[in-house]
Amino acid sequence: MASNGHTLRLVINRDKHDSVIRGLYLVTDHDDNLIPRVEAAIDGGARVVQYRNKNQDRESRLALGLELRELCRRRSIPFIVNDDLEMAVSLKADGLHLGQGDGDPREARRVLGPGKIIGVSTHTLSEALEAQAAGVDYIGLGAMFPSRSKEVEHVAGSELLAAIRSSISIPIVAIGGITRDNGASVIDAGADAVAVISAVLSHPDPALAATEIALLFNRRAPFPRGSVLTVAGSDSGGGAGIQADLKTVTLLGSYGSSVLTALTAQNTRGVSGIHGVPPAFVADQLDAVFSDIPVDVVKTGMLFSAETIVAIAAKLTEYRRRMVVVDPVMVAKGGANLIDRGAVSVLKERLFPLAYLVTPNIPEAERLTGANISDEESMREAARRLHRLGARNVLLKGGHLLAGDSVDILFDGAAFHRFVSPRILSKNTHGTGCTFASAIATYLAQGDPLREAIARAKRYITAAIRLAQPLGRGHGPVNHILAAEDVRDR
């Protein structure tokens, strides 16, 4: 009893934010090896699984559904059956999704009970309002874009989604043609979840594809938004390495953690000494971070020795880190070698196959490939060679070319993309590579798809060079603070 004689009651307001319907909503396809592909997608961040199977006989559908249900229960993932109330009952599913006109949600509620999840497909505001009035737990809204899985009669689009979001209180699952590259627009319009099929299950690496889409939801998180772990050497001068990484991550609005691989005695004039951190202690640091702190993106820089690279690769594999940005730091601005001679081959063999993105500059790409790079065409060829080493994406930075704009080239295995900025003549460029790569990692962690993350990071590093102030008697650092303010104001 309270002192005034009134009983205190705990009142819980259950709104859409308490719903399990959020994030990446996976709808199954009809292809082979479904169970391992769905499990990989769950590893990558799928939060809900809908079982859709209209091709097999009932016995086969039931057997496969039981396998999926057990997988989802082991992983604490809601398991929803598509358009088959009897099947949902037989499988003891967590819920049922009904197409528009494919069943009565009130009858489904009566049969399944109040604790089950019921969703309905909608295409218009009136259908959405009707579904909410019928007591469903969420609506599916689509199609957002043309889809490969079926013929699209209604393209709802982001504008209708935004209008419906302001009119209903239950979660909205956007569906239809959603990919890594267009998913952000429907999340920004108000989708609580995005439903995908082929964008994940037809991908050669469903876990990575799921991670790419799941990360897009970080764009709605409060600041610090997203988490970046930098694995790199320390710069006592503060312009590069761990120091530059953490400045960038923090100033751009994410949470930064760090693992030190080496200590350097360094200033604007160069590196006078390097003390490598024992590989076992590098592994201990990685264990400490990964076992406790959520990490969305890992960024690596100076790794120093082959033994350290082996230790890092082992931990990235153990903890199933997929979003890894590898900046293959080899030489300091002043010319000092920052990696052992034998470590380069280990870097290519052990770390590149784990990389989501590698970001070499031209001298680094030449050392990694043995090619001579003198123009954009030779940059493209070098990017192809680097991609064949196993990295998912290669961003070859063209700042070392002497003429014209500063052009960076992204190769994703299928197409090239150019990122262009004016060339700025300045000797205050210490830490540019570290800063650029950590900015890309930060924007990825904040929910930007890859090309947008690179474009935003390119604007940031260009501003950091343009706004740099002289410091010391050598190559001064870029201006992290004013650059962050500059890109924030745009």
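One is the number of the first residue shown, and numbering goes on along the chain from there.
In case you wondered, yes, glycine gets a Cβ from its N, Cα and C as well.
Feature annotations, reproduced from Swiss-Prot:
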BINDING   Q50, Y51, R52, N53, K54, N82, S121, K150  4-amino-2-methyl-5-(diphosphooxymethyl)pyrimidine binding site
BINDING   D83, D102  Mg(2+) binding site
BINDING   Q266  4-amino-5-hydroxymethyl-2-methylpyrimidine binding site
REGION    1-213  region 'Thiamine-phosphate synthase'
REGION    229-490  region 'Hydroxymethylpyrimidine/phosphomethylpyrimidine kinase'
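Looking only at the binding-site residues R52, K54, the densest Cβ neighbourhood within 10 Å occurs at R52. Ranking the binding-site residues Q50, N82 by how many Cβ atoms sit within 10 Å of each one's Cβ puts Q50 at the top. For the region 'Hydroxymethylpyrimidine/phosphomethylpyrimidine kinase' (229-490), the mean pLDDT of the prediction comes to 94. For the recorded site, N53 (4-amino-2-methyl-5-(diphosphooxymethyl)pyrimidine binding site), the DSSP three-state label reads coil.
Sequence-distant contacts of N53 (4-amino-2-methyl-5-(diphosphooxymethyl)pyrimidine binding site), defined by Cβ-Cβ distance under 8 angstroms and a gap of at least six in the same chain, are T28, H30, R61, L64, G65, N82. A straight line from the CA of Y51 (4-amino-2-methyl-5-(diphosphooxymethyl)pyrimidine binding site) to the CA of D83 (Mg(2+) binding site) spans 9 Å.
Counting only same-chain residues at least 6 apart in sequence, those with a Cβ under 8 Å from the Cβ of S121 (4-amino-2-methyl-5-(diphosphooxymethyl)pyrimidine binding site) are H97, L98, G99, Q100, I139, G140, L141, G142, I175.
Across the structure, D83 (Mg(2+) binding site) and Q50 (4-amino-2-methyl-5-(diphosphooxymethyl)pyrimidine binding site) place their CA atoms 10 angstrom apart. With a 10 A radius on its CB, D83 (Mg(2+) binding site) counts 17 other CB atoms from all the protein chains. For the residue listed as '4-amino-5-hydroxymethyl-2-methylpyrimidine binding site', the nearest of the binding-site residues by C-alpha distance turns out to be Q50; the candidates were Q50, R52, K54, D102.
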